[in-house]
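Undergrad: Okay, here's the structure, questions in a sec.
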Amino acid sequence: MVVAVYPGTFDPMTRGHEDLVRRASNIFDELVVGVAHSPNKRPFFSLEERIGIAREVLGHYPNVRVEGFSGLLKDFVRKNNARVIVRGLRAVSDFEYEFQMAGMNRYLLPDVETMFLTPSDQYQFISGTFVREIAVLGGDVSKFVFPSVERWLQEKIGKAE
């Protein structure tokens with residue numbers, strides 16, 4: 001059984017993230033979506049909220065599990081007995097950072113591979129940052145996120161006002 005981990009902050013989970021999950025879940029026996037607590041980032045949604053959102057969006061995939069994690073990715077990968085780390089590449093600008101991370105992960109986890117997936121054409125430009133900015137400014141994000149995510153955004157923005 002081949003287990004893969006797809007880590008990210010997923011702040012919020014977008015249609016692009018779901019696209020990668022759908023495709024990766026067809027490749028691997030089990031896919032663990034690791035929702036990261038990153039002390040270097042100031043997420044819009046709390047870790048618990050991001051886990052809840054991801055579970056709502058991805059709950060219909062029988063071989064996908066959503067878990068939160070903090071600390072080193074290598075420890076999360078080991079805990080889940082994963083053989084592959086899945087990463088998305090939207091643009092050439094993502095490549096340099098992801099290439100360096102893959103090299104470091106290979107050093108820390110020599111028996112684990114990193115697999116890059118590019119998004120489907122209609123999702124190449126979507127990012128959580130763009131979605132949040134559009135939503136905060138009152139724009140329509142329905143083409144970029146699922147209805148449940150849009151509701152989470154509206155509720156969070158409403159509380160902030």
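Placement of Cβ uses the backbone N, Cα and C atoms for every residue, glycine included.
Below, the features straight out of Swiss-Prot:
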type: BINDING; residues: Thr9, Lys41, Leu73, Arg87; note: substrate binding site
type: BINDING; residues: Thr9, Phe10, His17, Gly88, Leu89, Arg90, Glu98, Tyr123, Gln124, Phe125, Ile126, Ser127, Gly128, Thr129; note: ATP binding site
type: SITE; residues: His17; note: site 'Transition state stabilizer'
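Provide an account of the burial state, proximal residues and distances for the features listed.
TA: Within 10 Å of the C-beta atom of Arg87 (substrate binding site) sit 20 other C-beta atoms, taking all shown protein chains into account.
Spatially close to His17 (ATP binding site) yet at least six residues away along the chain are Gly8, Phe10, Val57, Gly88, judged by Cβ distances under 8 angstroms.
In the three-state DSSP scheme, His17 (ATP binding site) is classed as helix.
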Undergrad: Can you name the binding-site residues among Glu98, Gln124, Ile126, Gly128 whose CA is within 10 A of the CA of Arg87 (substrate binding site)?
TA: Glu98
Undergrad: Just how spread out is the substrate site if you go by the largest Cα to Cα distance in Å among Thr9, Lys41, Leu73, Arg87?
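TA: Farthest-apart Cα atoms in Thr9, Lys41, Leu73, Arg87 are separated by 18 Å.
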Undergrad: Specify the nearest of the binding-site residues Thr9, Lys41, Leu73 to Leu89 (ATP binding site), where nearness means the distance between Cα atoms.
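TA: Nearest listed residue in space: Thr9.
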